[in-house]
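Taken from TrEMBL, the feature domain 'Class II aldolase/adducin N-terminal' applies to 24-223. Taken from TrEMBL, the feature substrate binding site applies to C93. Per TrEMBL, Zn(2+) binding site is recorded for H110, H112, H196. The annotation active site, proton donor/acceptor is assigned in TrEMBL to E139.
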Amino acid sequence: MAEPNAHDVDAKFIHSDDPEHPANHICTLCAKFYELGWVTGTGGGTSIKYGDHIWIAPSGVQKELMKPTDMFVMDFNTREYLRKPKVHKPSACTPLFLAAFSRGAGCCIHTHSQWAVLITLLVERDSGRDALFEIEHLEQIKGIGKGRGKAGNLGYWDRLRIPIIENTAHEEDLTESLEAAIEKYPDTYAVLVRRHGIYVWGDNVHKAKTQCESLDYIFQLAVEMKKLGLPWSN
């Protein structure tokens, strides 16, 4: 059987009038994330899993200018690329996205949010390198799910806990420590990376986006609370 040509591959995986098609949706999301200051200077990335296929934003591309034709497409089961744009490099975030997808996620978002970075520094300064980010008694905590396989979201009286891992010189080298953090804290939907940013995921795009936005709001609020001497938890 002949190998499918590039036109056939693009017709199957890239070209769609549906704005929620993964190739289109990633472009829309990354443009919004750029406006929020999360993916400046080509940093960060987003990936969506739909069925047995994964769409991944490329490395080194200005996220607000991405097009569907910039997308990489991978078979989730074989880990083989079904589509590789010749002009781009695969995202170094790919193994970390796969770690989330292997645990049931449908979308994973990586940002270089300044608020996320500041939180990792504040936790290190005040509680040590092995500490979590912990906060409670905030309404926005309701935007975060209770954990994989658990119905509903956290409540006002619950304590939000986000593990923090150490940064590495190369993004893909974060994979082992991210996986270890997920195993240690199986209910988490995010992992902070010290002096780097955050990985956030969800069962689908809507949940991943909601949780990413909720967490960034919480991080910003937590930084301001720290300035005023207000505690994150009792």
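Even glycines carry a Cβ here, placed using N, Cα and C.
TrEMBL entries are annotated by machine, without manual review.
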Zn(2+) site shell beyond H110, H112, H196, criterion: Cβ within 8 Å of Cβ centroid = G43, G44, T111, S113, A116, V193, G197, I198, Y199
What Cα-Cα separation, expressed in whole Å, is found between H196 (Zn(2+) binding site) and the residue listed as 'active site, proton donor/acceptor'?
-> 26
Given the binding-site residues C93, H112, and counting only Cβ atoms in the protein chains shown, which has the most within 10 Å of its Cβ?
-> C93
Considering only the recorded positions H110, H112, E139, which fall within 10 Å of the residue listed as 'substrate binding site' when distances are taken between Cα atoms?
-> H110
Local confidence of the domain 'Class II aldolase/adducin N-terminal' (24-223) - pLDDT mean | 97
